[in-house]
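Participant: Copied straight from TrEMBL:
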COILED    43-70  coiled coil
COILED    182-212  coiled coil
COMPBIAS  15-24  compositional bias 'Low complexity'
DOMAIN    127-207  domain 'BAG'
REGION    1-30  region 'Disordered'
């Protein structure tokens, strides 16, 4: 009887131990499952935060790029005022005072440093250098033949715009620009726009000056008659 009771106790203990092991095993499985779910939720939240930050980063770059353009526009406007025909037709004292103000504004504008770096691969870098060189070659010959330089710049600009160009397109320049990064394409187009705008203002100044000279000559001839 004693031996039977001992065997029964041993059997009962073995069953209890087996049940405990099963409970522990189930708890571990449940623990793993809960941890897995928690990690997935955490990963999803982090990814959502990064997506929101990416939108803010792009908006930040766009704002900085807009400030770059605004700086260029301000400097161009100040320069145009200093070299306008109106500045030539005021008294020396007034011109000196206005130039001092213009220089002060230009100096304050130049104190603002804004730089948006463009990420480029090797091919895009090479294309940018090639496009810049093609524009510089024309700019360096502006004084030699203003009209020819203007026509060539217009053909380069036509290669950068999606609108129907008014004149011929430089196909070689177009293939070079296509190889540039998107941000560089926009900057190249803006540079050409600025150059053409300055050329147009120069032509107007020259035309006005020639007209004034002609009027003076006619007035002198009339007095002589």
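Here the Cβ of each residue, glycine as well, is placed from N, Cα and C on the backbone.
Quantities reported herein were computed from a predicted structural model and do not represent experimental measurements.
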Participant: Residues of the same chain, at least six outside the coiled coil (43-70), with any C-beta under 8 angstroms of its C-beta?
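Facilitator: Result: 112, 114-116, 183, 190.
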Participant: What is the three-state DSSP composition of the domain 'BAG' (127-207), stated as helix, strand and coil residue counts?
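Facilitator: Looking at the domain 'BAG' (127-207) with DSSP, the answer is 60 helix, 0 strand, 21 coil.
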Participant: Within the coiled coil (43-70) only, compute the mean pLDDT.
Facilitator: 94
